[in-house]
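Asker: This is the structure I have questions about; it appears just below.
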Amino acid sequence: MSKQRVAVLGARGRMGSEAVRAVEAAEDMELVAALGRGDPLDALAETGAEVAVDLTHPDSVMANLEYCVTRGVHAVVGTTGWTEERLALLRGWLDASPGTGVLIAPNFGIGAVLTMRFARQAARFFESVEVVELHHPGKADAPSGTAVRTAQLVAEARRDAGLPAQPDATSTALDGARGADVDGVPVHAVRLRGLVAHQEVLFGDEGETFTLRHDSLHRSSFMPGVLLGVRRVSAAPGLTFGLEHFLDLD
Ligand SMILES: NC(=O)C1=CN([C@@H]2O[C@H](COP(=O)(O)OP(=O)(O)OC[C@H]3O[C@@H](n4cnc5c(N)ncnc54)[C@H](O)[C@@H]3O)[C@@H](O)[C@H]2O)C=CC1
Ligand SMILES: O=C(O)C1=N[C@H](C(=O)O)C[C@H](O)C1
């Protein structure tokens, strides 16, 4: 069996260094490039990389993906910072490179994927909902990509069920006290030394609350998802948004 030729971008970072170890340990993969900031992307073409794993920075990911997609290198992306504008650009590159696949996974952790799924399921049954994400203080962005995706899924489910805007009688508040508004869902971001990646989705209605919580206690929790993405992305041309599409959750 020929091994899949894999490159890791952001290889010296917190996630990238963990991904380098995971790819090296996978029997069906060969790590052909481990690139850091400033390393030329031409190493991807020179080493014949088939799949690039991007774990860099929101400021870097678009240039990396343009390079990969236009050369037919499939990509598994954990890097955050996705907006509709960025996704439209990426889709344009993919349209011009049929056969190339890109997976963007807001979160590679199975527990986080399930949290998003369960939050979407629960959304229509509760009047109130808030998302709290808690991360290490080195995190580049706030709120987290996972929290934004969770809030969007919850908001969509509320709309589909015809729920009105949730109640909030706040008439005065310090800026930021009610968090960021993502599609009508308040999202709060905590940055604390000692944490890795955590999220709570709080639901409430008359006389009861319901809380979903997920904790990534170590970045190894993301690696089965990264490897699954690498194994599946070349057979999924175009854009796949969310690891759930590569999992049998039903
Ligand atoms: N989807 C998921 O499950 C997860 C996603 N992430 C995301 O992954 C990204 C990286 O997170 P961390 O590893 O914590 O950050 P980090 O700052 O520890 O690592 C990023 C690394 O990428 C390097 N880099 C920046 N631009 C580059 C470029 N153009 N080419 C090659 N290397 C480049 C940096 O020098 C740094 O070494 C963030 O967007 C984070 O939110 C993090 C954890 C899980
Ligand atoms: O930067 C991180 O650490 C993480 N980033 C992703 C996000 O923004 O959702 C995934 C996870 O929360 C860890």
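Glycine residues also receive a Cβ, built from the backbone N, Cα and C atoms like all the rest.
Below, the features straight out of TrEMBL:
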- H135: active site, proton donor/acceptor (ACT_SITE)
- K139: active site, proton donor (ACT_SITE)
- G10, A11, R12, G13, R14, M15, G78, T79, T80, A105, P106, N107, F108: NAD(+) binding site (BINDING)
- H136, G145, T146: (S)-2,3,4,5-tetrahydrodipicolinate binding site (BINDING)
- 5-108: domain 'Dihydrodipicolinate reductase N-terminal' (DOMAIN)
- 111-247: domain 'Dihydrodipicolinate reductase C-terminal' (DOMAIN)
Asker: Work through the binding-site residues one by one (G10, R14, T80, P106) and name whichever has its CA nearest to the CA of H136 ((S)-2,3,4,5-tetrahydrodipicolinate binding site).
Answerer: R14
Asker: Among the recorded positions listed here (R12, T80, P106, K139), which has the Cα closest to the Cα of T146 ((S)-2,3,4,5-tetrahydrodipicolinate binding site)?
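Answerer: Nearest listed residue in space: P106.
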Asker: Relative to ligand 2, which of the binding-site residues G10, T80, G145, T146 have a Cβ found under 6 Å from one of its atoms?
Answerer: T80, G145, T146
Asker: To the nearest whole angstrom, what is the C-alpha distance linking G78 (NAD(+) binding site) and G145 ((S)-2,3,4,5-tetrahydrodipicolinate binding site)?
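Answerer: About 9 Å separate the Cα atoms of these two residues.
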Asker: Which number gives the other C-beta atoms within 10 angstroms of the C-beta of F108 (NAD(+) binding site), all protein chains shown included?
Answerer: 25
Asker: Just checking: which of the recorded positions T80, H135, H136, T146 have a C-beta under 6 Å from ligand 1?
Answerer: T80
Asker: Count the other Cβ atoms sitting within 10 Å of the Cβ of R14 (NAD(+) binding site), across every protein chain shown.
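Answerer: Neighbour count, Cβ to Cβ under the 10 Å cut-off: 13.
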Asker: Where the distance is taken from Cα to Cα, which of the recorded positions H135, K139, G145 turns out closest to T80 (NAD(+) binding site)?
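Answerer: Closest by Cα: G145.
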Asker: Which one of these recorded positions has the most other Cβ atoms within 10 Å of its own Cβ: R12, H135, H136, K139?
Answerer: H135
Asker: Between the Cα atoms of R12 (NAD(+) binding site) and H135 (active site, proton donor/acceptor), find the distance and write it as a whole number of Å.
Answerer: 20
